[in-house]
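**Q** Would you mind keeping the following structure in view while I ask a few things?
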Amino acid sequence: MTDTVQSRFLRYVSFDTQSARESSTAPSTTKQLKLAEALVEELKSFGLENARVGNGGVVYAEIPASKGCEACPSIGFIAHMDTSPDASGENVKPQILRYEGGDVVLNAQKNIVFRAADFPEITKYAGEDIIFTDGTTLLGADDKVGVAAIMTMAAEIAAHPEIPHARLAIGFTPDEEVARGTENFDIGHFGAKYAYTFDGGEVGTLESENFNGGTAMVTIEGVGVHPGLAKDKMVNSLRYAAKFMEMLPAEMSPECTAGHEGFLHPNMMQGNVVATKIRILIRDHDTALYEAKKTLLAGLVEKMNALYPQAKAKLEIKDSYQNMRPYLDRAPKVLEIAREAYRAAGLDPIEEPIRGGTDGARLSVRGLPCPNVFTGGMNFHGIYECIPVKSLEKAAEVAMKLAQLSGSIRSLD
């Protein structure tokens, strides 16, 4: 099983599955369907003839309950196929290196170096094999590790029908990275009573609360005039956008926050003299503080219009997801089962909040309790993304332990 999960992961990262924020299609990029179709064919090779690509590019499959476990609540396993729009996922060249400590040269030709001082968590994995990038793309551990772990579990269970287990529901989603992973996810068809996303961070982490998340779009409108005739007429929206950026509280930026602290994160500015748009991510675990951040932005836009009436500022906010914790609190046994699986795999669960969102958060709100299991990866969404091989293997082991435990669960009460 160990070699298989690694080889699967390396195969899956060869698929460019980058999603797109501005797209309105489902999935947001058609290239995600290539991996979806490959996964269906692989699932069918295990004997899962029910595997299919559903509406919007969601992959579904199931393994019926083993004899004597038909009454056990069905368990779900979910991961996402897409990779972040923030870095290229095309032509990924993973390299497996024995990490001996210190810095790692990822690409000598381009002088790209993984510096331990910038990512100190790497030092705890000295002496281990780690899968790095070549410094030109992201790796795709987020979330192709999750896909590989679940596929490896499914192959093992399908090959050994004597292992007691409940009905296993498998789902792979597109577009999680652009907050659209579950918009076409059919919970009724999926059929699970509880589920786990495999989309977390370092090995051993177990996540049951996440940010409330939304996106603000601030538009600054100016007046375009030929620059040679612009005196007292031109209103350059770019300059006023810069003034708005300066109003954002520096202490609320992602680089100044940790743990349960939320943030305001401007992650895109695009425009010209006539109009400039600023996209701002709004995040907080606490619902009241999340709403307060939205109110703060509205106040800053009002302030802009009062100070600079010549430049018209507008604000649009869209909520993306909620904190799943209140919903998981209604089904505490789901977390207890996860803790037991971790311990069976030789891990002490490290329970911490997600500084992000997951498909499981949205599904929990919709009635399918779904905490988040680690993948073992680090430094997601960029060229320094990496994963220790042993962590990858542990993710697959926890998936297997959850499947095995499912055969002994008679009720979620």
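Each Cβ is built from the backbone N, Cα and C atoms, and glycine gets one as well.
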**Q** Among ASP16, ASP118, ASP186, ASP199, which residue does TrEMBL annotate as binding Zn(2+) 1 at the site that also has HIS80, ASP142?
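**A** That Zn(2+) 1 site, as TrEMBL gives it, pairs HIS80, ASP142 with ASP199.
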**Q** Output, ordered by sequence, the same-chain residues six or more apart from ASP142 (Zn(2+) 1 binding site) with a CB under 8 Å from its CB, or 'none'.
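**A** Spatial neighbours, sequence-distant, of ASP142 (Zn(2+) 1 binding site): THR83, SER84, ASP199, THR375, GLY377, PHE380, HIS381, GLU385.
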**Q** For ASP82 (active site), write down the residues of its own chain that are at least 6 apart in sequence and whose Cβ falls under 8 Å from its Cβ; none is a fine answer.
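**A** Counting only residues 6 or more apart in sequence, the Cβ neighbours of ASP82 (active site) under 8 Å are THR17, GLN18, SER19, PRO27, SER28, THR29, GLN32, THR173, PRO174, ASP175, GLU176, GLU177, VAL178, GLY181.
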**Q** Within 10 Å of each Cβ, count the other Cβ atoms and name the one among the binding-site residues GLU177, ASP199 with the highest count.
**A** ASP199
**Q** Restricting to the same chain and to sequence separations of six or more, state which residues have a Cβ under 8 Å from that of HIS80 (Zn(2+) 1 binding site).
**A** ASP143, GLY146, VAL147, PHE172, THR173, PRO174, ASP175, GLU176, GLU177, GLY181, THR197, ASP199, ASP359
**Q** Find the average pLDDT over the domain 'Peptidase M20 dimerisation' (209-309) in the predicted model and report it.
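**A** Across the domain 'Peptidase M20 dimerisation' (209-309), the average pLDDT comes out at 97.
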**Q** What counts of helix, strand and coil residues does DSSP assign across the domain 'Peptidase M20 dimerisation' (209-309)?
**A** 41 helix, 31 strand, 29 coil
